Amino acid sequence: MKIKALSKLKPEEGIWMTEVEKPEMGHNDILIRIKKTAICGTDVHIYNWDEWSQKTIPVPMVVGHEYVGEVVGIGQEVRGFEIGDRVSGEGHITCGHCRNCRGGRTHLCRNTTGVGVNRTGAFSEFLVIPAFNAFKIPAGISDDLASIFDPFGNAVHTALSFDLVGEDVLITGAGPIGIMAAAVAKHVGARHVVITDVNEFRLDLARKMGVTRAVNVMNEKLEDVMSDLGMTEGFDVGLEMSGNPSAFNSMLTNMNHGGKISLLGIPPSDMAVDWNQVIFKGLVIKGIYGREMFETWYKMASLIQSGLDLTPIITHHYKIDDFQAGFDMMRSGMSGKVILDWE
């Protein structure tokens, strides 16, 4: 049976609507009928066919890894799922036999493959994943929100890596993940949450999500903002989401002694770092990859159930046949999350 899917067909800019064979299920898998997908920054990299994509993405391949759908098939060894369950899923498929997997640190598996990155993705009418990777969506959480659980998980993992209660938090990079991380920090009890960027549309989005200050570093100095807020000692926690060298070095300059930094943004390989700031301030820097399985997923659902409102981050919806308009919107930088509807 042929199904519709968005694929990377050629090693050049673009993504194409194609027909592919319906995926087949193994004993430990589930088959998901896709309802909604969201476009990730990674999908934009793949669309643009940048240096990272050229090294990473096999062609041709169905792409996409942010989704919600309904279980329509269950492998014979699978327990705990029923036909009709609403699910999203962890996009990192892990090996199960390395030291970290066997030690319960699955997100650090050295043999990880990625849905829509180096194995068949979710921009399709149907997706097969190991049942281990599926996450049931609690009642009361909308399909729209469930479809962005993957990037929301990046935000939660980054934000909750350090204690935030009563702390002053600096977030560099107001993309969707940075904005969601800011909302999480506020929700769990941080004092001042300051986010920086140069994109005024996204800074406005961050203001809607409740940050203390959204700072356009083209027109405003971070030091002046800290002074306005009565901060005399620097930020306690930094969340670096941009991969921008000047943003990271500005973060180092403005951290308090003993401050802690989570790094999610991917910098250029030749980024210069003022290590004196790190050493003499006694800073702790932690690299963040993916989501903790499945602690981050439980936290994500619980945060929404306890009143965290992420709805402003979803700014655009398109029918799947209008996928090109969705990608154009994401590439423009004038959007939050963009959702493609498959039904």
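Each residue, glycine too, has its Cβ placed from N, Cα and C.
Under a cutoff of 8 A between CB atoms, and with a sequence separation of 6+ in the same chain, the neighbours of T42 (active site, charge relay system) are H65, G116, V117. T42 (active site, charge relay system) falls within a helix when secondary structure is assigned with DSSP. Sequence annotations record features per position, and here Swiss-Prot assigns active site, charge relay system to T42 (among others).
If you look up Swiss-Prot, you'll see H45 (among others) marked as active site, charge relay system. For H45 (active site, charge relay system), the same-chain residues that are 6 or more apart in sequence and have a Cβ closer than 8 Å to its Cβ are W52, S53.
Around the Cβ of E66 (Zn(2+) 1 binding site), the number of neighbouring Cβ atoms within 10 Å comes to 30. Taken from Swiss-Prot, the feature Zn(2+) 1 binding site covers C40, H65, E66.
Positions annotated as Zn(2+) 2 binding site by Swiss-Prot, on the basis of sequence analysis: C95, C98, C101, C109. For C109 (Zn(2+) 2 binding site), the same-chain residues that are 6 or more apart in sequence and have a Cβ closer than 8 Å to its Cβ are H92, T94, C95, C98, N100, C101.
In the three-state DSSP reading, D197 (NAD(+) binding site) counts as strand. Just so you know, the Cβ of D197 (NAD(+) binding site) picks up 26 other Cβ atoms within 10 Å once every protein chain is counted. Feature annotation from Swiss-Prot assigns NAD(+) binding site to I177, D197, R202, L264, G265, I266, I288, Y289; the stated evidence is sequence analysis.
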Taking only the binding-site residues D197, G265, I266, Y289, which one has a CA atom nearest to the CA atom of E66 (Zn(2+) 1 binding site)?
Y289
Do you know offhand how many angstrom separate C40 (Zn(2+) 1 binding site) and I266 (NAD(+) binding site) by C-alpha?
15
Residues sitting within 8 A of the centre of the C95, C98, C101, C109 CB atoms (Zn(2+) 2 site), not counting those, run T94, G96, H97, R99, N100, R102, T106, R110, N111, T112
The record names I177, D197, R202, L264, G265, I266, I288, Y289 as the residues that bind NAD(+); what is their largest Cα to Cα distance in Å?
23
Row I288 (NAD(+) binding site), column other C-beta within 10 angstroms, all chains, value 20
For Zn(2+) 1, residues beyond C40, H65, E66 with C-beta within 8 angstroms of the site's Cβ centre include exactly T37, A38, I39, T42, D43, G64, Y67, G91, G116, A122, D150, P151
Using a Cβ cut-off under 8 Å and a sequence separation of 6 or more, which residues in the same chain sit near L264 (NAD(+) binding site)?
N154, T158, I177, L239, E240, M241, I288
